[in-house]
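First the structure, in the form of structure tokens, and then the observations on it.
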Amino acid sequence: MLRGGHNGSLPAPVKTSPSLVRRDRRTAGWLLLAGVAVVLMGLAEETTVLGRTSVWWHLLPVTVGLAAVTVQRRFPLTVLGIAVLTAALDLAWGWSLASVLVLWEVLYTGALAWPWAWVERLRRAVVGLSVAALVVSGIVRLDLRDAANIGLLAFAVLVTPVWWAVDVRRQADLAELAARNAEHDRQTAVREERARMARDLHDAVAGDLASIALQAEGGLRHAAAGTPERNALNAIRASGVRAVGELTRMITLLRRDGDQAADDLTTAPGLDLVGDLVRHAERSGLAVQAQVDPPPELPVAVDHAAYRIVQEALTNAARHGAGEAQLRVSGDDDAVGVEVRSRGRRTTVVPGSGLGLLTMRERAEGLGGEFESGWEGTGSGDQDWWSVRARIPVQA
């Protein structure tokens with residue numbers, strides 16, 4: 001909504017845009033054409049206080065008023081004064097509908113753009129002028145019917161555009177208030193849902209993960225050094241501790257508001273920690289050939305998304321693949337690319353929900369990137385490769 005100054009200040013130049021300036025110029029052009037049409041259709045009087053003149057003289061004050069309309073957002077009070085003077089001059093030349101349209105435009109835009117305190121003063125002024133026209137015409141003409149007609153005409157010319165603009169402005173304010181309330185309700189619902197998710201994760205998942213890590217640590221006390229059992233228990237304990245840390249961070253993030261959550265994103269893991277993911281995958285029995293060369297100084301959101309895609313892809317390779325994977329992280333000034341390939345299938349198929357692939361796709365495409373996954377071959381043999389590829393723009 002257009003506003004100028006503070007509530008008690010003079011109508012200052014309204015901060016506008018090129019589109020609004022073009023709108024004012026187009027309006028002035030159309031009103032000039034309307035003025036010419038008014039003259040051609042005979043909707044302008046020839047009788048003036050000085051006698052009969054050409055109706056084309058009406059275009060002179062109208063043109064001056066329309067020139068002022070093109071700068072009405074920079075000089076609101078000045079333009080209003082010019083519009084009133086040109087309307088009075090046009091009235092002295094008789095009367096024409098074109099000058100009324102110019103005055104309407106200036107009053108409407110002023111009531112729409114000025115601060116509310118000055119709009120109230122403008123409204124009182126036009127109502128007062130309309131009443132004054134009624135009273136003065138009644139005294140001068142001594143004819144109630146003529147006085148009523150003049151009062152109604154003054155009301156239509158002066159009050160109607162102001163009333164119309166005030167109504168538009170109030171409707172816009174109500175719509176803005178409704179939008180703010182809806183946004184507030186949405187944010188409240190999101191906060192409540194985040195809090196509920198945080199409670200559920202803490203109560204239903206975090207305890208079980210911590211228990212797994214503790215039981216694995218207990219089992220290490222009875223497992224002989226260097227045995228496959230001890231290596232497996234070490235991997236289980238490390239995975240459990242890591243998962244508890246990740247889950248704790250997620251719960252904390254869910255409990256924070258939007259600004260705090262955005263701040264917390266700056267500490268989120270990125271591609272500089274891919275080496276930890278590779279070592280974790282290798283402890284799980286996955287042989288990984290890694291080539292990591294990401295672009296320097298990636299945006300935090302892009303860096304974190306790429307890290308999570310690598311993490312999920314390696315996890316899937318360990319769960320579903322035959323034990324061998326290739327990781328390649330590369331990029332340039334435009335984008336960062338992630339590719340993870342895993343050979344064959346496990347003998348014992350670990351069931352999956354497909355949510356991992358969906359999450360990776362959402363992370364990539366949510367930042368304007370691309371994601372694809374599938375078999376390089378039929379997928380029926382041990383020598384076929386399952387590949388995951390993502391490309392995320394650096395300026396996401």
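The backbone N, Cα and C atoms fix where each Cβ goes, glycine too.
Feature annotations, reproduced from TrEMBL:
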type	residues	note
DOMAIN	305-373	domain 'Histidine kinase/HSP90-like ATPase'
TRANSMEM	27-43	transmembrane segment
TRANSMEM	55-71	transmembrane segment
TRANSMEM	78-95	transmembrane segment
TRANSMEM	101-118	transmembrane segment
TRANSMEM	125-142	transmembrane segment
TRANSMEM	148-166	transmembrane segment
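With helix defined as DSSP H, G or I and strand as E or B, the domain 'Histidine kinase/HSP90-like ATPase' (305-373) counts 28 helix, 21 strand, 20 coil. Taken together, the residues in the domain 'Histidine kinase/HSP90-like ATPase' (305-373) have a mean pLDDT of 84 on the 0 to 100 scale.
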